Structures are given as C-alpha cells and as structure tokens.
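*Asks:* Here it is: the structure, laid out below.
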Amino acid sequence: MEKYVRLQKIGEGSFGKAILVKSTEDGRQYVIKEINISRMSSKEREESRREVAVLANMKHPNIVQYRESFEENGSLYIVMDYCEGGDLFKRINAQKGVLFQEDQILDWFVQICLALKHVHDRKILHRDIKSQNIFLTKDGTVQLGDFGIARVLNSTVELARTCIGTPYYLSPEICENKPYNNKSDIWALGCVLYELCTLKHAFEAGSMKNLVLKIISGSFPPVSLHYSYDLRSLVSQLFKRNPRDRPSVNSILEKGFIAKRIEKFLSPQLIAEEFCLKTFSKFGSQPIPAKRPASGQNSISVMPAQKITKPAAKYGIPLAYKKYGDKKLHEKKPLQKHKQAHQTPEKRVNTGEERRKISEEAARKRRLEFIEKEKKQKDQIISLMKAEQMKRQEKERLERINRAREQGWRNVLSAGGSGEVKAPFLGSGGTIAPSSFSSRGQYEHYHAIFDQMQQQRAEDNEAKWKREIYGRGLPERGILPGVRPGFPYGAAGHHHFPDADDIRKTLKRLKAVSKQANANRQKGQLAVERAKQVEEFLQRKREAMQNKARAEGHMVYLARLRQIRLQNFNERQQIKAKLRGEKKEANHSEGQEGSEEADMRRKKIESLKAHANARAAVLKEQLERKRKEAYEREKKVWEEHLVAKGVKSSDVSPPLGQHETGGSPSKQQMRSVISVTSALKEVGVDSSLTDTRETSEEMQKTNNAISSKREILRRLNENLKAQEDEKGKQNLSDTFEINVHEDAKEHEKEKSVSSDRKKWEAGGQLVIPLDELTLDTSFSTTERHTVGEVIKLGPNGSPRRAWGKSPTDSVLKILGEAELQLQTELLENTTIRSEISPEGEKYKPLITGEKKVQCISHEINPSAIVDSPVETKSPEFSEASPQMSLKLEGNLEEPDDLETEILQEPSGTNKDESLPCTITDVWISEEKETKETQSADRITIQENEVSEDGVSSTVDQLSDIHIEPGTNDSQHSKCDVDKSVQPEPFFHKVVHSEHLNLVPQVQSVQCSPEESFAFRSHSHLPPKNKNKNSLLIGLSTGLFDANNPKMLRTCSLPDLSKLFRTLMDVPTVGDVRQDNLEIDEIEDENIKEGPSDSEDIVFEETDTDLQELQASMEQLLREQPGEEYSEEEESVLKNSDVEPTANGTDVADEDDNPSSESALNEEWHSDNSDGEIASECECDSVFNHLEELRLHLEQEMGFEKFFEVYEKIKAIHEDEDENIEICSKIVQNILGNEHQHLYAKILHLVMADGAYQEDNDE
C-alpha cells in the first residue's frame, strides 16, 4: 500500500471495501478493493484469491482492468482501474424520469454483452450483474466490474447451486433454489436492460417474499412503446422463465441490430479474437489449412499469426496445437521474405525492360483483382462457417446440459461427469494443458470432421490455384515463374508444388497423431474421473458414518431431556390439581347461589310477562268496547249526513274489509258505512280530476265546499273504523285489496247494497278479487278512479296510496288549480300518507291496529306482532300497523296517499316537515271553524287540501303530533286539537321563523328532562317517540338498519342526531299556538305513558263523548307497564323494513322518501331531543338549546362536578386509544347515584359541542 495514497472510500459491500487511491508512481487514480481475509475461513480465502485469478485473466476493453493484487496486514488488496464516470445506477438516477435514447441504450448494452461474452467464453459466471457493478469511463465506455462472487465453472455443464446476487436481479431458478448456469447472468442482463429502458427495476416489491413471487411469476410492466419492437422483444426474451428459452450472449450478439454496433467498440483484431479465435482454440490447426497459400492471403495469414502470440496464457490451447501453429508461422514468415526478395529483382527487370514492366503491371492488376474477389468469397465462406459453428455449439451445449442432467439424476456418483476432471481448467494457473485437453475432448468427434473438411478444401484450393496459375502463365512467357505475384515464394514457391503430396501426408500424419493423443487423453481422463468418484464416494461414506455417530449422541441427549421435561410437567400438573381442588370447594357453594338467583330471575320475568299479557287483554277489551261506542256515534252522524245529502244509509255499503273478514258482531254492524269513493260520488266528486278541482276551488271560495269535504272525511273515518274492526281477521290479501284501489271497496259495497251499485254502473268490473289480480292490473284501475278522490283507508288501516301515480299526476295538478301557497305545495309528496281523516284515525287506527296486527303478523313477524303487549296497545299498534301496512303497500309518497292513516305515524312527521308552517295554519283555521265537525270536517278538509295542497291539514295534525316523537309531535297534536276547536281561515301564509319560535314552546310542553330521559331509556316512549325509541333500541341492541340513515350516523355513538333533529324539527312543526300547549303537554304525557294516546288526540273530536273516551283511554294507557310498550317496539323493530311503528313517526317512510322535503328534513329532525331542556323562551339557534342544557346541568350538578365529568368524557372521546365503552362506567362512578341519570345529557352535550366545533360553522 505504500505505492498508493488513499483518497476516499467510494463503496462497501458484503465482499469488502472499495477505496479510491492515487498511485505515487504514475499519479493515476485506481480503485483498491480491500478484502479482510484474516477473519475468513480457508475456503473463503481461497474464493477471494480466486477472484484475483479470475481478474488476472480478464483483459477486455469492457471489463474493469485488473492491475495487481497483494496481501498486507491480514487483508487482500486488488488494484483496478478507476472509472470516473461512476456506475450505471447513478447515471440512471440522474435522468430523473427522462428516458434514454434507444441508441444510447443499445450502445451500452452491446458493450455489456461483449464483456459478458468474454466472461462466459471462459466458463465463468459473474453472478452479480447489476447496474451498480457496471461502470462508465471518462469517454463513455462501459466496463463490467466486481467479480467478487464470480465462479469459474469446471465445465459448462456444471450448474452452480449457491443463491448469490442482488435480490432485484435474482433469476427464477435461484429463487426456486434450482441449479443455474450462465443463463442466470442473462436474466440479470435483462434486468439491467429493462432498467435502462424504464429507469425502474423490472421486479419491485415491499418484501422479499413478494419480490420472489413476482420474479417466479415472471410478470413485469411492459417497456414503453417509445422503443423499437426489436428492443422490446429482446427484453421479453431475456426474461423467459425457463433458462433454456433465454438466449445466450453469443446469440444476442448475433442479432442484426446488435451485431452492427460491435464494430464501434471493438477493434478488428479484438473482433477476430473474440469471434474467430474461439473456433481456432477449439479446432487447433483448422484455420491454417483453410488459408490458401496464395499471395493475397498474406495479410490475412499474418493477422492470425499475431493473434496466436500467447494463446496458452489466455485460453489454455493444447500444446500440440501451439507447436503446429508455430510451425505454420515459420512457414508463412519465409513467404513474406521471399516476396520481398523477389520484388527487388522485379524492379531491376523493370528498369531494364520497360515493356515487360508494363505487361507485368497489367497482369498484376488482373491478379490483384482476382485475389480481392477470392478474398471476398473466402470471407463469405468463413462467416457462413462461423454461423454454422455457433449454431452447432449452442445445440451441442444444450445437448450436453440435458445429458448431464439425466446422468446426474440417474447416478449420483457419476453426476459430475467429465466436468470434475476438467476442474483444473483456469481453476488454478498450473494445470492449463490438461484442462485444455479436457475441454477439447468433448468436441473430438466434431473436430476431426472439421479438420478433414478444412484439409479437403485446402487441397482442392491448391489444385485449383495450380491450374489457374499454369493456365495464366502460358501467355506471359516473359515473366519468370518465381516472380509471379500469385506465388509469394517466387521460384521456391514454384518448386513447392511438387511437394504438395508431402504436405498432405504430413497433415494426415498429424491428424492421426492427434486422434491417438485424444483417445489416450480420454482414457486417462476416464481413469482419473473414476478414481475421483470412488474417492469422493468413500469420503461421503466416512462422513455419513461420522454424522450417524454424532446423531446417536444427540438422540441420547434428547431422550434424557424429554424425560426431565416430562417429570417437571407431571409435577406441575400435580401442584395445579391440588390448587384446583381447593378452588373447586370454594366455588361450589357460589355456583349454587348463582344458579338459584338465575332461577329466581327467570321466574320473575315469566310472572311479569304473564301480568303484562293479562293487562293487555283487559285493555284491549276496554278499548274495543269504547271503539264500538264511538263507531256507533259516528255511524249515526254519517247516516244523518247521508239523509241530508239525499242518500239512504241503507244504500251505503260497508267498507271492503268487513265483507271479507267478518269480525265481531259489533264490527259487522259497521258494514253499513259507505266507502270514500261512494261518498265522493254522492257529493259530486265523480272520480274525475275536474270535479275534484272544482271542489277544491269551492272549498277555498265557500264554506259549503268546506263542509262537504268535512262530511266526506267523516264518512271516510267511519269507513276506516269499520275496516279496522275487521282488520283483526283480514289477511294480507285484504290489505292489498284495500290499498290497491277503491274499486274493490265499491265491489264489496255492491255486495252489501246492490241497489246503490246500479246507480254507479261500475260494479261489474269490481267483482274480480284483488288478491288474484296482478299489481299492474289493479293499479291501472286505481289510477283511473283515485286520481282526485279522497282515498279511504282500507280495513287494514293502511293508508291508501296509488302506486302508479307520480306526484304530478294528481296532487300537483289539483294544487296548481287550487291557487294554494307554495309552502303547502312543497309537501305534496310527504303528505300523501296523511289524507286519512283524523276522526277515522282516532278509532280506525284502533280498529285498523287490530286488523293490521293480524296482517302484520302474516306479513312481517306474526309472533312478535301478535304478542299480547301489541294487542293491549292495539291503539298504538294500530297506528304502527297502519304505518306498516303503508310501507308494505310500497311506502308510496304520492299525493294520492294523502288520506292515509299516518296521522300519528312518523310519516306525519315527514309531512309536517315538508309543510312545516302551512299545515299547522290550515289545521288551526279548520279547528277554529267548527269543533264538532272539526275532527271530521277538518280531516275531510285536510284530505281535500292534501290532495290539493299536498297534505295541508291532515298532514299537519299527523305531522304535528308526530314531528317530534316525544316533544314536538305531542305539542303539535295538542295544538292542533286546540286549533281545531278554534275556527280560523282555511289557509294562512306561514313564515318559517314561526317554526323556530315553536322550538321553545315544544320544549316547554315536554315533560321534565328527567322524565323524558327516563322514558327514553326504558324505551317506553309514546308512539310519537317511536323514532327515538327505534333508534335507542337499535343502538342498544346493535340492530343497525341500513335503510335508516339516522342509525347509520349513530352506529358507534350515542344517538346524537336526536339533539339536532329536535332543534331543527321544531321549525318544521308549523305555527303552533301557546294555548294549545296544554293539550300538547297532556298528549306528551300520554305518549310517554301509553303509546296510543296520541292517536286519540290526533282525531281531536270535540264531542263530549269522544273527549270522555279520550280521557278514559289516556287513563288506561297511563297504567300500562313499560314492558308492554317495549315489547311492542321490539316487534315493530323486527319489522324494521316496514318500520310502521306505533309511535307514529314512520322512520322508514321518511328514509324511503328522500325526494320530499320532509324526508330530507326527517333525517336530521325526526328524532326529538331528550326534552331535558324545558324553556319557554323562543330560541333562534341550535346553540341556545345547547347552552340551556349546559346551564340546566350546571345548576343541577354544580359547576365543578359538571365540568369534571364534561372534561372526562371529552378526553376519553378524543383519545383514539381509549375504549369508549369504559367511558360510561368511569363517568357514572364520578356522578354517583344522585346524578347518574344525567350522564346521557352530558354525553349529548359533549358530542354536540364536538360536532359543531369540527363541522358546523353556523
């Protein structure tokens, strides 16, 4: 190292450091590879020295030049030339995504291939070809370096088995741990070429496993079409998974677009040496006999003479060939001398005899031309021979590999074949001659044939030349035979011709000698090979014996270890058994106590269920009795109305469901009630849009129209009540018949009173039972008949909807002609469901509830719906069932459904939202006009308005009652009741601000926060609170219905949506007056205590009898246990698809009807806030609601405690690592029993604050 000065370390790999140094002798920079061999095993040291031997033999312009090597201080130093241009990897990265030009890529690739050819021709595998090991010199020449893991193959048949190389460049056979040879270098060459074309690795992955899978599959992104087809196809050939399918370096260089570039980088001498001398080294004397002894051959023959200067040093050419080559060399050198010697006398002759000179020059020109032609022909022959030879070599090599594989698998001992004998070839410098002989042995048969062919050609050429020369020599008598340019030997050459036979004999003798020598070599090789195989076999046998002895010792140790472990295990088991015995004794008594407690709990639950069922039955009987009484009263009123109209009550046929289902005697009495269609026809609304429009216009212009509409609604209510009585016995088919169209109802009416049908002339069509008809058939008739009519609720109580109608067909047209306000028109879609008159709903919902219970049981979950709690709350359930039936019928949001019985259903809420203000105003105006007829009249008016306005009043009632299931709905319903009592103008312009004012009113109307929360938590909420209840139940039981966006929003959180819905719902409720708040409060209480109170309130009959009935029903419902309601809710939840819950808020309808305003609002508003905040102040902002809640909590708990809990909840929610489930336990511990019930409110406040801080800037 004293000759070099270290400059810097430029790299470090697993095989050593690379240090840039400067030579003190010549001042040039070199790279020294420092390999620490002091820590290496002897084998590793040998490998390092092998690298030196390999590098010493590598002399090629495209291979990094080896200078010297030395060992010093336990390290091996290898001195190589320094490539200033850096490596190809850095050059690729410097492009920064800009692709190389194809010429540049091919120039580099050709140079890499030439270097690799030089390596492979010497039976060396590089095994670490990658862009980091390909270097660029100052002038742009590419050089292959880093032969640190190169392996000299003892023969081309031998396949290396070690898995070495950079992961990105590993070949599939290495990844699969299969044998590999030079074709693995070809794969790596393909990786480098791909990298040059795309600036990326062909195979990239995040883990070694995925990388190996990609390499084995052989799939890589295609090369850009920017490059030629030849280049792209070359890349795909290099990436063939099967090594045999990949081309060799030689075949790559034979490709036209590659071969034409070789001349740019190799001198003619090197080209001849790389592509010609390989054949010379194999065929020995073949090239020399091929050269003709003509004068024109001199230049060509001299070149081979120079190339063979040190053949043994490079290629290990057999000594016999070297001698033969030297002999020919001596023969040719004299030729040159003779030529020169004869040229000088030739000049003398020319000076003396100019004429001869002229003629001689002419003859020389002719001969030179002939020689050039002959040269060209010979070049062509040589190139053809080269191509044939390359093909033969490739074919033979593949055959050898196949043979070696077959032999190796057949016989392990002979796996190495002749390869192991050939190990000395370049493995160490001292055995060159034997190795060369061995390399030649495999080709001996072919070599002999080639030698014979070449010799034959040489003899033929000599004879040909003789004939030509003799024939040409005759006319040129003046020229001496020795002076002829065709004969470089001059006269001597002339004398040699008679000795041609001697030459042939010599050649034959040499050929025989070489054959004998080859045969002897083969025999010797076989003997040596056999000896080696035997020795190796014995060695392996000895090693196997040693391993066996070692294994026996291990087995003894393992057996002893197993015994010790088994003993320890048994001891541990015994100790555990003892401990377990003590624990069992202690736990046995506890287990008994636990089982006794479980039995007690089970018995208690059963007794509670039985009690609830009994109470449900009693309540049902009472409600039925009251419904019958109410029905009788309604029937009388209806008959009076008919008499006033000139129609006999006997002519009126009962509702459709009564004929089909029979029912109790009281229910059968109701059959005399006529259908809505017949009532409309009697009034003059002859199922035509024009009549309906006229009535709507008259309604707005005159009170007479209003009164007629109210009477129609009364009739409708009676029909609904009658239908509800029979609902208990009706099937799904009944429900569908009722909902399909009114023609079926008229058909049933025909049966009861055939005389009236004669007047109507529509009976014949209606005889067909609807359950046997397809939906399309029944629907088309429905469209014709129900366009402008008030749709009557069928016996099942499901709201009437015309499926085929678009909202614009009926309601919009009617509304457009009715000169209604825009606000009412907006709600058409939503209000469709609420057209059913509130009066009918009051009792009909009950009746329909029963029938719907049955229907629902058929349709949805018979068991869940038929539960006694459901029956007991038949009013509630009837409401729920109407909703269910509505949804069953298609959740139609069309205006035709405005009459539906959803007054208390969530659909009502939707309608309210869609008509927030107008509905209430209309409702109020109607209520103010007349109290007695109000419920019916108002309902009729509402129905008509609904058809015209899009749910004007009935929807208001329904929506008011249902808008805020626990709070706003009740308030609205109560307000509506009050309003119904106070007659007012039919329509009012309502401003949305009024809705905002309603919020505080509604909140004040609600029960105290604790009460509302208690109801919520127990899922005893009234039917109007169904939305809340369904959400709470869904959240607590994990029943998240994908059809309900509210649930989706609150899946993993408390149902925060209630806060926003309540706050935003209030404005949509409509204009509700303060004087109605009292009724709302009553209704809220009823709702909370019993699900069906709201129904009665919805119907809002001002008759004293009805009021008494209301009061009694409210009393009954207050006494109902919460369990019944929860059971009912559960049954309703089971039917979540229909979602017609008794609570009156039809969540499913809301969610199913996103097109309507109400549905959209319902998503946010349908759920009421807990009602914790009771303030009568009017709030214009959501923040006021939250601040009131905050103030209320601070006053009740104390600021410090409230702040502590608030911060605790907030911290737990903000910490992603915290389990939110733990939050409730921790917080409830802090709150204690006294304030434990406030946890939900604080949680809502935290969630709301977080939501507004993050998302809402308003």
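Keep in mind that glycine also has a Cβ here, set from the backbone N, Cα and C atoms.
Quick caveat, the model's predicted, so the values are computed rather than measured.
So Swiss-Prot has the following annotated:
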ACT_SITE  Asp128  active site, proton acceptor
BINDING   Ile10, Gly11, Glu12, Gly13, Ser14, Phe15, Gly16, Lys17, Ala18, Lys33  ATP binding site
COMPBIAS  344-360  compositional bias 'Basic and acidic residues'
COMPBIAS  579-591  compositional bias 'Basic and acidic residues'
COMPBIAS  691-700  compositional bias 'Basic and acidic residues'
DOMAIN    4-258  domain 'Protein kinase'
MOD_RES   Thr156  phosphothreonine
MOD_RES   Thr162  phosphothreonine
MOD_RES   Ser414  phosphoserine
MOD_RES   Ser428  phosphoserine
MOD_RES   Ser438  phosphoserine
MOD_RES   Ser653  phosphoserine
MOD_RES   Thr661  phosphothreonine
MOD_RES   Ser664  phosphoserine
MOD_RES   Ser798  phosphoserine
MOD_RES   Ser868  phosphoserine
MOD_RES   Ser881  phosphoserine
MOD_RES   Ser1052  phosphoserine
REGION    330-360  region 'Disordered'
REGION    578-600  region 'Disordered'
REGION    648-669  region 'Disordered'
REGION    685-704  region 'Disordered'
REGION    1118-1171  region 'Disordered'
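Walk me through the surroundings of each of these features.
*Replies:* Annotation note: Ile10 (ATP binding site) sits in a strand segment as assigned by DSSP.
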*Asks:* Rounded to an integer, what is the Cα-Cα distance in Å between Ile10 (ATP binding site) and Asp128 (active site, proton acceptor)?
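*Replies:* So the Cα of Asp128 (active site, proton acceptor) lies 18 Å away from that of Ile10 (ATP binding site).
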*Asks:* Taking just the CA atoms, what is the gap between Gly16 (ATP binding site) and Asp128 (active site, proton acceptor) in Å?
*Replies:* 14
*Asks:* Measuring Cα to Cα, how far is Asp128 (active site, proton acceptor) from Glu12 (ATP binding site) in Å?
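*Replies:* Glu12 (ATP binding site) has its Cα 15 Å from the Cα of Asp128 (active site, proton acceptor).
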*Asks:* With every protein chain in view, what's the tally of Cβ atoms within 10 Å of the Cβ of Gly16 (ATP binding site), excluding that atom itself?
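*Replies:* Around the Cβ of Gly16 (ATP binding site), 22 other Cβ atoms lie within 10 Å.
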*Asks:* Counting only other Cβ atoms and using a 10 Å cut-off, which of the binding-site residues Ile10, Ala18 scores lowest?
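*Replies:* Fewest other Cβ atoms within 10 Å, among the binding-site residues Ile10, Ala18, is found for Ile10.
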*Asks:* Taking each of the recorded positions Glu12, Asp128 in turn and counting other Cβ atoms within 10 Å of its Cβ, which one has the fewest?
*Replies:* Glu12
*Asks:* Per DSSP, Asp128 (active site, proton acceptor) is which: helix, strand or coil?
*Replies:* coil
